[in-house]
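Asker: From Swiss-Prot, here are the annotated features:
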BINDING   10, 11, 12, 13, 14, 15, 125, 134, 135, 197  ATP binding site
REGION    30-59  region 'NMP'
BINDING   31, 36, 57, 58, 59, 83, 84, 85, 86, 90, 158, 169  AMP binding site
REGION    124-161  region 'LID'
BINDING   128, 131, 148, 151  Zn(2+) binding site
(Lines of atoms letter the chains of each structure in order from A and count residues from 1; the text may use other names and numbers.)
(Lines give C-alpha, C1' and ligand atoms only; values in the text may rest on other atoms or scores of the structure.)
Protein backbone atom coordinates (compact mmCIF):
# COMPACT_ATOMS: atom_id res chain seq x y z
CA UNK A 1 0.00 0.00 0.00
CA UNK A 2 1.33 3.43 -1.00
CA UNK A 3 -0.05 6.78 0.15
CA UNK A 4 0.40 10.41 -0.83
CA UNK A 5 0.32 13.56 1.29
CA UNK A 6 -0.79 16.70 -0.56
CA UNK A 7 -0.81 20.28 0.70
CA UNK A 8 1.03 23.58 0.52
CA UNK A 9 4.55 24.03 1.92
CA UNK A 10 4.28 24.20 5.72
CA UNK A 11 0.98 22.30 6.00
CA UNK A 12 2.63 19.54 8.04
CA UNK A 13 3.23 16.87 5.41
CA UNK A 14 6.73 16.21 6.72
CA UNK A 15 5.54 15.84 10.31
CA UNK A 16 2.84 13.37 9.27
CA UNK A 17 5.30 11.41 7.17
CA UNK A 18 7.61 11.22 10.20
CA UNK A 19 4.76 9.79 12.30
CA UNK A 20 3.83 7.24 9.64
CA UNK A 21 7.45 6.12 9.37
CA UNK A 22 8.02 5.85 13.12
CA UNK A 23 4.68 4.36 14.15
CA UNK A 24 3.48 2.41 11.10
CA UNK A 25 6.78 1.53 9.39
CA UNK A 26 6.17 3.37 6.12
CA UNK A 27 9.07 4.57 3.97
CA UNK A 28 9.11 8.32 3.27
CA UNK A 29 9.73 9.55 -0.26
CA UNK A 30 10.58 13.19 0.33
CA UNK A 31 11.85 14.70 -2.90
CA UNK A 32 13.23 17.58 -0.86
CA UNK A 33 15.44 15.18 1.07
CA UNK A 34 16.35 13.24 -2.07
CA UNK A 35 17.35 16.46 -3.83
CA UNK A 36 19.34 17.71 -0.85
CA UNK A 37 21.18 14.37 -0.82
CA UNK A 38 22.09 14.82 -4.48
CA UNK A 39 23.26 18.36 -3.69
CA UNK A 40 25.42 17.18 -0.78
CA UNK A 41 27.03 14.59 -3.07
CA UNK A 42 27.66 17.25 -5.75
CA UNK A 43 26.09 15.09 -8.45
CA UNK A 44 25.06 16.55 -11.80
CA UNK A 45 21.40 16.31 -10.78
CA UNK A 46 22.21 17.90 -7.43
CA UNK A 47 23.91 20.92 -8.98
CA UNK A 48 20.87 21.49 -11.20
CA UNK A 49 18.57 21.25 -8.17
CA UNK A 50 20.67 23.75 -6.22
CA UNK A 51 20.34 26.37 -8.93
CA UNK A 52 16.54 26.30 -8.84
CA UNK A 53 16.21 25.98 -5.06
CA UNK A 54 18.48 28.97 -4.44
CA UNK A 55 16.14 31.04 -6.61
CA UNK A 56 13.10 29.88 -4.62
CA UNK A 57 11.74 28.01 -7.65
CA UNK A 58 10.56 24.45 -8.06
CA UNK A 59 12.98 22.06 -9.71
CA UNK A 60 11.75 21.06 -13.23
CA UNK A 61 9.76 17.84 -13.57
CA UNK A 62 12.34 16.07 -15.70
CA UNK A 63 15.03 16.39 -13.02
CA UNK A 64 12.75 15.43 -10.12
CA UNK A 65 11.40 12.40 -11.99
CA UNK A 66 14.92 11.14 -12.61
CA UNK A 67 15.72 11.37 -8.90
CA UNK A 68 12.50 9.59 -7.90
CA UNK A 69 13.02 6.86 -10.48
CA UNK A 70 16.43 6.12 -8.97
CA UNK A 71 14.76 5.66 -5.57
CA UNK A 72 11.91 3.45 -6.84
CA UNK A 73 14.34 0.92 -8.26
CA UNK A 74 15.05 -0.15 -4.67
CA UNK A 75 11.88 0.92 -2.79
CA UNK A 76 8.35 0.67 -4.21
CA UNK A 77 5.96 -0.55 -1.48
CA UNK A 78 4.53 1.00 1.70
CA UNK A 79 5.73 4.40 0.53
CA UNK A 80 4.66 7.89 1.58
CA UNK A 81 4.94 10.50 -1.16
CA UNK A 82 5.53 13.84 0.58
CA UNK A 83 5.69 16.93 -1.65
CA UNK A 84 5.80 14.88 -4.85
CA UNK A 85 4.18 14.94 -7.33
CA UNK A 86 3.64 18.71 -7.52
CA UNK A 87 2.41 18.86 -11.12
CA UNK A 88 0.14 16.81 -13.37
CA UNK A 89 3.13 15.79 -15.45
CA UNK A 90 4.90 14.49 -12.35
CA UNK A 91 1.75 12.65 -11.25
CA UNK A 92 1.38 10.87 -14.56
CA UNK A 93 5.08 10.02 -14.62
CA UNK A 94 4.89 8.61 -11.09
CA UNK A 95 1.94 6.39 -12.00
CA UNK A 96 3.86 5.00 -14.95
CA UNK A 97 6.95 4.37 -12.81
CA UNK A 98 4.93 2.59 -10.11
CA UNK A 99 3.09 0.55 -12.73
CA UNK A 100 6.42 -1.02 -13.70
CA UNK A 101 6.35 -2.71 -10.27
CA UNK A 102 2.57 -3.39 -10.30
CA UNK A 103 2.10 -0.69 -7.65
CA UNK A 104 -0.10 2.40 -7.38
CA UNK A 105 -1.11 5.26 -5.07
CA UNK A 106 -3.83 3.78 -2.85
CA UNK A 107 -4.69 6.81 -0.67
CA UNK A 108 -4.26 10.56 -1.14
CA UNK A 109 -4.52 12.83 1.93
CA UNK A 110 -4.91 16.56 1.24
CA UNK A 111 -3.95 18.63 4.31
CA UNK A 112 -5.59 22.06 3.89
CA UNK A 113 -4.19 24.97 5.96
CA UNK A 114 -4.78 28.76 5.72
CA UNK A 115 -2.00 30.66 3.90
CA UNK A 116 -1.18 33.05 6.76
CA UNK A 117 -0.74 30.10 9.10
CA UNK A 118 1.53 28.46 6.52
CA UNK A 119 3.77 31.54 6.26
CA UNK A 120 4.10 31.78 10.03
CA UNK A 121 4.95 28.08 10.31
CA UNK A 122 7.59 28.06 7.60
CA UNK A 123 9.42 31.22 8.63
CA UNK A 124 9.68 29.85 12.20
CA UNK A 125 10.94 26.42 11.11
CA UNK A 126 14.30 24.94 12.11
CA UNK A 127 15.69 21.61 10.93
CA UNK A 128 18.39 19.21 12.05
CA UNK A 129 21.02 18.85 9.30
CA UNK A 130 21.94 15.38 10.60
CA UNK A 131 18.67 13.48 11.17
CA UNK A 132 16.37 15.89 9.22
CA UNK A 133 13.95 16.30 12.15
CA UNK A 134 11.88 19.48 11.91
CA UNK A 135 11.10 21.90 14.75
CA UNK A 136 9.18 25.16 15.00
CA UNK A 137 9.73 28.17 17.24
CA UNK A 138 5.95 28.58 17.57
CA UNK A 139 4.46 25.09 17.61
CA UNK A 140 7.21 22.51 18.17
CA UNK A 141 10.08 24.03 20.12
CA UNK A 142 13.16 21.88 20.75
CA UNK A 143 13.65 20.83 24.38
CA UNK A 144 16.98 22.65 24.45
CA UNK A 145 17.14 25.94 22.56
CA UNK A 146 18.83 25.61 19.19
CA UNK A 147 19.60 21.88 19.50
CA UNK A 148 17.97 18.77 18.03
CA UNK A 149 16.04 16.65 20.55
CA UNK A 150 17.37 13.44 19.02
CA UNK A 151 21.10 13.96 18.45
CA UNK A 152 21.98 17.36 19.98
CA UNK A 153 23.02 18.72 16.58
CA UNK A 154 22.74 22.49 16.14
CA UNK A 155 19.49 23.33 14.35
CA UNK A 156 19.57 25.43 11.19
CA UNK A 157 17.15 27.42 9.05
CA UNK A 158 16.74 26.14 5.52
CA UNK A 159 17.86 28.64 2.88
CA UNK A 160 14.50 28.36 1.09
CA UNK A 161 12.50 29.20 4.25
CA UNK A 162 13.05 32.99 4.06
CA UNK A 163 9.88 35.09 3.77
CA UNK A 164 10.50 36.15 0.15
CA UNK A 165 11.19 32.60 -1.02
CA UNK A 166 8.21 31.24 0.94
CA UNK A 167 5.87 33.65 -0.87
CA UNK A 168 7.29 32.55 -4.23
CA UNK A 169 6.84 28.88 -3.29
CA UNK A 170 3.23 29.40 -2.20
CA UNK A 171 2.37 31.23 -5.42
CA UNK A 172 3.98 28.49 -7.49
CA UNK A 173 2.07 25.91 -5.46
CA UNK A 174 -1.23 27.59 -6.33
CA UNK A 175 -0.40 27.59 -10.03
CA UNK A 176 1.10 24.11 -10.35
CA UNK A 177 -0.11 21.87 -7.55
CA UNK A 178 -3.75 22.76 -6.90
CA UNK A 179 -4.82 21.09 -10.19
CA UNK A 180 -3.62 17.79 -8.69
CA UNK A 181 -6.54 17.82 -6.28
CA UNK A 182 -9.09 17.27 -9.05
CA UNK A 183 -6.83 14.73 -10.75
CA UNK A 184 -6.42 12.53 -7.68
CA UNK A 185 -10.07 12.77 -6.69
CA UNK A 186 -10.79 10.53 -9.67
CA UNK A 187 -7.66 8.37 -9.62
CA UNK A 188 -7.22 7.35 -5.95
CA UNK A 189 -9.08 7.30 -2.67
CA UNK A 190 -8.98 11.03 -1.80
CA UNK A 191 -9.37 12.33 1.77
CA UNK A 192 -9.36 16.06 2.61
CA UNK A 193 -8.32 17.14 6.12
CA UNK A 194 -9.13 20.71 7.25
CA UNK A 195 -6.17 21.30 9.57
CA UNK A 196 -6.24 25.00 10.55
CA UNK A 197 -7.20 24.18 14.14
CA UNK A 198 -5.87 20.64 14.42
CA UNK A 199 -2.73 19.51 16.19
CA UNK A 200 -0.27 17.27 14.37
CA UNK A 201 -1.49 14.35 16.49
CA UNK A 202 -5.12 14.99 15.55
CA UNK A 203 -4.21 15.02 11.85
CA UNK A 204 -2.28 11.78 12.29
CA UNK A 205 -5.23 10.11 14.02
CA UNK A 206 -7.48 11.03 11.09
CA UNK A 207 -4.99 9.54 8.63
CA UNK A 208 -4.56 6.39 10.71
CA UNK A 209 -8.34 6.02 10.99
CA UNK A 210 -8.77 6.15 7.21
CA UNK A 211 -6.00 3.59 6.68
CA UNK A 212 -7.64 1.27 9.24
CA UNK A 213 -4.30 -0.01 10.51
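A Cβ is built for glycine as well, from the same backbone N, Cα and C atoms used for every other residue.
Each of these features: where is it, how hidden is it, and who are its neighbours?
Answerer: In the three-state DSSP assignment, the secondary structure recorded for residue 12 (ATP binding site) is coil. Annotation for residue 12 (ATP binding site): spatial neighbours 111, 113, 121, 195, 200, 203, criterion Cβ-Cβ under 8 Å with sequence separation of six or more.
This prediction places the mean pLDDT of the region 'NMP' (30-59) at 90.
Within 10 Å of the C-beta of residue 59 (AMP binding site) we count 19 further C-beta atoms, all protein chains included.
For residue 131 (Zn(2+) binding site), applying a Cβ distance below 8 Å and a minimum sequence separation of six or more within one chain yields 148, 150, 151, 153.
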Asker: Are there residues at least 6 beyond the ends of the region 'LID' (124-161) whose Cβ is under 8 Å from a Cβ of it, and what are they?
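Answerer: Distant contacts of the region 'LID' (124-161): 10, 14-15, 18, 33, 53-54, 56, 169, 200.
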Asker: Could you state the CA-to-CA distance between residue 158 (AMP binding site) and residue 125 (ATP binding site) to the nearest Å?
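Answerer: So the alpha carbons of residue 158 (AMP binding site) and residue 125 (ATP binding site) sit roughly 8 Å from each other.
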Asker: Please tell me which one of the binding-site residues listed here (10, 14, 125, 128) sits closest to residue 57 (AMP binding site), measuring Cα to Cα?
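Answerer: Among 10, 14, 125, 128, 10.
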Asker: Just to verify a number: CA distance, residue 128 (Zn(2+) binding site) to residue 135 (ATP binding site), in angstrom, no decimals.
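Answerer: Here the two Cα atoms are 8 Å apart.
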